[in-house]
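Step one of this worksheet: look at the structure below.
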Amino acid sequence: MMPPWLLARTLIMALFFSCLTPGSLNPCIEVVPNITYQCMDQKLSKVPDDIPSSTKNIDLSFNPLKILKSYSFSNFSELQWLDLSRCEIETIEDKAWHGLHHLSNLILTGNPIQSFSPGSFSGLTSLENLVAVETKLASLESFPIGQLITLKKLNVAHNFIHSCKLPAYFSNLTNLVHVDLSYNYIQTITVNDLQFLRENPQVNLSLDMSLNPIDFIQDQAFQGIKLHELTLRGNFNSSNIMKTCLQNLAGLHVHRLILGEFKDERNLEIFEPSIMEGLCDVTIDEFRLTYTNDFSDDIVKFHCLANVSAMSLAGVSIKYLEDVPKHFKWQSLSIIRCQLKQFPTLDLPFLKSLTLTMNKGSISFKKVALPSLSYLDLSRNALSFSGCCSYSDLGTNSLRHLDLSFNGAIIMSANFMGLEELQHLDFQHSTLKRVTEFSAFLSLEKLLYLDISYTNTKIDFDGIFLGLTSLNTLKMAGNSFKDNTLSNVFANTTNLTFLDLSKCQLEQISWGVFDTLHRLQLLNMSHNNLLFLDSSHYNQLYSLSTLDCSFNRIETSKGILQHFPKSLAFFNLTNNSVACICEHQKFLQWVKEQKQFLVNVEQMTCATPVEMNTSLVLDFNNSTCYMYKTIISVSVVSVIVVSTVAFLIYHFYFHLILIAGCKKYSRGESIYDAFVIYSSQNEDWVRNELVKNLEEGVPRFHLCLHYRDFIPGVAIAANIIQEGFHKSRKVIVVVSRHFIQSRWCIFEYEIAQTWQFLSSRSGIIFIVLEKVEKSLLRQQVELYRLLSRNTYLEWEDNPLGRHIFWRRLKNALLDGKASNPEQTAEEEQETATWT
């Protein structure tokens with residue numbers, strides 16, 4: 001019987017191995033389940049057995065497979081793409097590809113294959129692309145691919161092939177369209193080498209012979225041969241050899257001929273114009289010249305290419321292109337990465353397409369005369385335009401495509417008059433000037449595509465897009481709007497399906513901006529400064545499927561979120577400043593409920609409060625809000641009650657003291673004739689004028705002044721009430737600008753009103769010391785009303801005015817004053833003496 005400990009170990013091991021799935025030991029990476037597997041550089045010596053039979057794509061590159069044995073891939077009947085690059089394969093046995101009836105792409109790059117058997121490629125009945133670069137292949141004759149009747153592209157570059165002779169089995173490859181023989185050791189091309197092409201004129205083959213050290217092409221080697229494309233780049237060591245070889249291309253009919261060199265590999269120091277004379281006997285539809293040094297500016301020497309339909313110059317050191325003969329029948333001209341010092345002067349009646357891009361150096365646009373031009377690409381040149389754009393600039397009214405992107409300053413001076421056929425217009429990353437001063441696009445009713453992204457445009461004119469009734473794509477990212485508010489500029493573009501407003505510094509959206517865009521499908525509002533998500537802006541977008549509001553500062557929603565269009569399928573709200581607080585509970589709950597169309601909702605994080613920073617929005621717990629609401633409600637009610645009681649006590653405290661004082665002093669005599677309320681700014685006038693004339697004059701009055709009569713150690717408010725109001729018959733209010741602006745003076749005045757009401761007598765005398773603006777006076781409504789309805793004294797600093805002022809003031813103070821015989825006699829005596 002098995003010992004217990006041994007039985008336990010056995011069961012544990014059995015359980016462990018039973019949990020392992022077949023794929024758990026597979027070193028390959030599952031890119032697409034059951035479809036694509038990445039097994040690169042896993043030190044595999046054979047094809048893994050546990051890859052699913054349904055696999056269509058396998059990358060086995062950089063594994064030491066050494067030998068491909070028969071039936072190596074028989075388990076992968078659905079395989080379509082196979083990469084065996086640099087697997088050290090030396091031998092391919094017969095039937096190695098057995099069962100791969102659907103394989104269309106096979107890559108054997110970098111394998112030192114020593115020899116091929118006749119059946120090395122048997123079974124590949126659907127192969128279309130075969131790459132055998134760096135496989136030590138010595139000739140096409142020894143390459144057994146005659147049975148690959150579906151083959152379209154053959155790449156045998158960078159091998160040891162010395163002859164370009166196309167074997168007889170090529171007649172079986174009726175679908176072959178491209179053969180790459182570049183970077184081999186082919187030095188000569190003879191008549192017999194291309195006999196297959198001569199006997200099969202129906203073959204439309206592209207042949208790449210670049211980087212072969214060709215020094216001789218036999219006369220009539222290409223006579224009667226038809227090719228789709230012939231590439232001869234970096235083949236010739238001297239101009240004379242190149243000229244002779246090109247002359248021996250006579251009789252060739254080629255759709256596209258590519259000559260020249262490579263950017264980093266130059267054999268010819270000087271490209272002499274006479275070289276091109278060798279092409280006069282070659283029928284060429286399209287010609288391309290690449291990376292040549294010291295190229296002649298005399299384009300007339302291209303007379304052998306006068307009848308080509310397309311001319312292309314790429315990386316050519318040409319500095320001027322002018323005086324191109326009008327009889328040249330070029331329909332397409334491309335000038336890419338050249339070194340032009342000025343814009344080409346062109347007058348070509350047949351030219352339909354002009355591409356001038358990535359020129360090395362800044363140039364200014366010049367007017368051209370191209371009546372047939374329909375396509376114009378002038379992008380990435382640092383071009384400057386002093387005026388754009390109209391028929392007079394281009395000399396054509398057939399233009400449909402205009403690309404002026406990635407240039408310098410473009411001054412808009414016309415509204416495309418004569419260019420009404422335009423359908424595509426691109427200004428991105430150029431600086432547009434004056435584009436908002438008028439309706440620059442008014443004539444472009446047929447325009448379908450407009451890109452003004454990153455053009456330093458500040459949109460402050462709602463009519464900027466007037467006339468664009470057919471526009472379906474509008475890109476305007478990286479610009480700005482007046483007051484950072486998206487204004488109603490889309491009223492006329494009712495056919496828009498794509499609108500990009502990203503990085504426009506937008507903070508607000510005007511009401512009804514999108515209401516006419518019923519066909520809009522994609523709206524990009526990302527990378528702006530929007531604070532709220534307002535669904536009412538989008539409820540008229542009946543066709544909207546994608547809305548991107550990511551990278552804004554959105555904290556919460558505004559309004560009812562159910563207003564989003566039913567067609568909306570993708571909505572991106574990531575990277576916003578979402579506030580995960582109970583105040584925004586409805587918005588947070590809505591986010592949780594809309595997982596089906598919110599993009600990357602599981603990555604949405606909270607920005608505030610601080611304790612929830614970087615927390616996931618989906619983790620916000622709504623239940624805590626109910627508890628908080630109860631606590632907050634009780635707290636708020638308590639605070640309101642306490643605050644109300646405190647406010648009432650504070651507000652009426654002094655009035656209560658005043659009432660109590662009135663009862664206390666109601667039967668006693670007043671000590672003072674008047675209590676003076678004034679601003680400290682007017683104290684000089686009170687001391688030098690008021691006190692001097694009333695207390696030292698005739699009759700004498702006794703005034704209550706705070707700086708003299710208030711009791712030290714007692715609160716100011718208590719002194720005002722007890723010493724000022726309760727012991728005075730009247731109150732003198734000295735009104736001035738500073739008085740109205742002083743909160744303390746206004747407080748004293750309000751207490752005086754209460755005192756007057758409680759004493760049931762007219763005891764307040766107003767003195768307007770200086771002219772006070774009505775606007776300032778209206779700030780104190782009650783004071784303004786009293787001054788409007790009651791008589792007051794105005795101080796006038798002149799003899800007559802002073803005399804009247806003091807007489808009226810003394811009469812007002814005498815009103816209600818009890819008579820004192822001794823004081824009256826004394827005053828009469830002083831009066832007589834004074835008289």
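One-based numbering along the chain as shown.
Each Cβ is built from the backbone N, Cα and C atoms, and glycine gets one as well.
Keep in mind that this is a model prediction, so the values were computed, not measured.
Reviewing C19, C39, the cysteine that Swiss-Prot connects to C28 via a disulfide bond turns out to be C39. Partner cysteine of C580, as given in Swiss-Prot, is C606 (from among C582, C606, disulfide bond). For C582, the cysteine that Swiss-Prot lists as its disulphide partner among C504, C625 is C625. Fewest other C-beta atoms within 10 Å: among the disulfide-bonded residues C28, C280, C389, C606, that description fits C280. A straight line from the CA of C606 (disulfide bond) to the CA of C280 (disulfide bond) spans 72 Å. Residues near C388 (disulfide bond) in space but far in sequence (CB under 8 A, at least 6 apart, same chain), listed by position: L404, I410, I411, M412, S413, A414. In the three-state DSSP classification, C625 (disulfide bond) falls within a helix. Note: the CA-CA distance between C580 (disulfide bond) and C389 (disulfide bond) rounds to 52 Å. With respect to their backbone Cα atoms, C39 (disulfide bond) and C280 (disulfide bond) stand 53 Å from each other.
Note on the repeat 'LRR 11' (350-370): DSSP counts are 0 helix, 7 strand, 14 coil. Taking the C-alpha atom of C280 (disulfide bond) as reference, the shortest distance to any of the disulfide-bonded residues C28, C389, C582, C625 belongs to C389. Among the disulfide-bonded residues listed here, namely C28, C304, C389, C28 has its C-alpha nearest to that of C582 (disulfide bond).
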